Each structure stands twice: as C-alpha cells, then as structure tokens.
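Beneath this line is the structure, given in structure tokens, with notes to follow.
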Amino acid sequence: MHLDEGFDDDLDEERVPNLGIVAESISQLGIDVLLSGETGTGKDTIAQRIHTISGRKGRLVAMNCAAIPESLAESELFGVVSPAYTGADRSRVGYIEAAQGGTLYLDEIDSMPLSLQAKLLRVLETRALERLGSTSTIKLDVCVIASAQSSLDDAVEQGKFRRDLYFRLNVLTLQLPPLRTQPERILPLFKRFMAAAAKELNVASADVCPLLQQVLLGHEWPGNIRELKAAAKRHVLGFPVLGVDPQSEEHLACGLKSQLRAIEKALIQQSLKRHRNCIDAASLELDMPRRTLYRRIKELQI
C-alpha cells in the first residue's frame, strides 16, 4: 500500500487540531489510535503524519485490509514459518512484525474478517505474536493506527466487527469530518490546491469565477478532500470541472459583485438542503433574520 509522503501542516492541523500534541502523546503512552472518516478525508495522510511526529525509529507499515484476500490475510498480517501450509515454501515476515520499532497502519479495518479480528486483538493486548506455523513468541514494539470508512458502532451492532476489538481500538478516536459539512473550507482549500498544482506543473494558476464557485459550493464532494484536490488540478490544466468549462464566456466574467452573489446563493442552498428546507433552522445557522432570508431566496431565485 502506497502512502503520499507530502504533508500540509496547516491542512493537517485543520483536520486534527493539536495534531503534534496528539502524536507525541500516542508515542509516549503507547496507545492505539482509530481514525474514522469517509473516503478522501485524509486518514492516510494523518496516519503518516502521526508516525512522523511521534519520532519512532522504525518505519510506517501500511496494510489495506480490504485489498488482501481472506485466504491470505492471516499469513500476510502475522507472517509464516515454512512449511506452515501447502505453498508456503519459505518463511516470511508479516505486516505486524515488519513494523517492529515503528508504526503499523491498518487501513479499512472495518473490512477485516471476523476470524482475523480475534487474533489481532490478542496481539494488541499482549504486544506479542506467533508466526503462522510457529510456537515461538515474538515480542513487539509497535504503535498501531487503524482507520475505518464506515461506523464501527454500526458494524458491532450488525455483528460484523468484534465489540472487544472495537473497545481496544477506541481509546483514542480521531474523527475526520466530510467536506460537505464544512462548506466554508471548500473555496479556500480549492484555491490552495490550485496554487500547489500550478507550482507542481510549472504553469500559471487560474481564476475561479462566480459560476464555478457556485458549483463548487453546491457539490456534495463524496470523494472529499481527495476529490477537491483533483478538481483543482484539472482546473489549473484548463479542463472542465464539474461541468464548468474554464474557457466559457460566463466563466470569464468574474466581477466582485457577481462572485459575492454566487457565494451567497450557494451557502443558502446548502443550508436549506442540510435542514430539509426548514427556514427557521437555516436562518439560525446563517445568522440571518427569517424575513431577510425569505427575501434573499426570492431575489437569488433559489
């Protein structure tokens, strides 16, 4: 599993306030961490950031639990001593042992088979393992970070995830919120990613017209920050973003008044959508009197 090595200190701190303190505490106390969030919210980056800040001498070893077939998962995780089973022609180290002195990152742990969860729990509790086919115990010095895309609470209730393993991992949970719940971050992040993409590609950055702003703010962003970053790169390259052509006349008309109008319209639309068109709730969130909100809805043709 490949992890992006690029860090953005400001962005990481926005996603997890006091990240440096959290990482140092994890290293000193030897506790395991659970990262919870939808795809694209930055779990992989935060895991690598925690490892880097922690100062552990070993490396970060990442295993995507959803990408390994169930038949191979046990030997991949715990290692194997030849000949533990047919086809095991040589001994090899598993993911856990490879992280000795460093950090083990179990991505999408909500996809781990139940049969493997019990064995992982034992390793987490004893900080020791036995390779498949061996009775020798290997003591471990490993920090464990796990991530889940779906709610482990729900998985436990559905019988898909062990309750005891969940409690073991849930000592410290870092929740990474989806982008759609933070509309105020969309435009600043888009512009930040545009600047980074322009520098990487050695091209000029691009303008963000009112139409594109409205589209960006109205999009659900199911891929979260990862999707937003890709959209910013496409825009810098001159490709359409969410159906908006950067070469269109409407896109090139970027007056301040029209930009503010587009932003206001998008923010009101998003608030109404979040609150199922409840004017009272939207008025409270937007800090706008009900009468003013009704008037702006009419004027902006929402």
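Glycine is no exception: its Cβ is also placed from the backbone N, Cα and C atoms.
Just so it is clear, the model here is predicted, and its values are computed rather than measured.
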79-98, 99-118, 219-238, 279-298 - the one Swiss-Prot records as DNA-binding region: 279-298
Averaged pLDDT, computed only over the residues in the DNA-binding region (279-298): 93
For the DNA-binding region (279-298), residues assigned helix / strand / coil by DSSP: 17 helix, 0 strand, 3 coil
Under 8 Å by Cβ from Gly40 (ATP binding site), counting only residues of that chain that are 6 or more apart: Leu179, Trp221, Pro222, Gly223, Asn224, Ile225, Arg226, Glu227
Lowest local Cβ density among Gly37, Gln100, Thr103, Leu106, which the record lists as binding-site residues, within 10 Å: Gln100
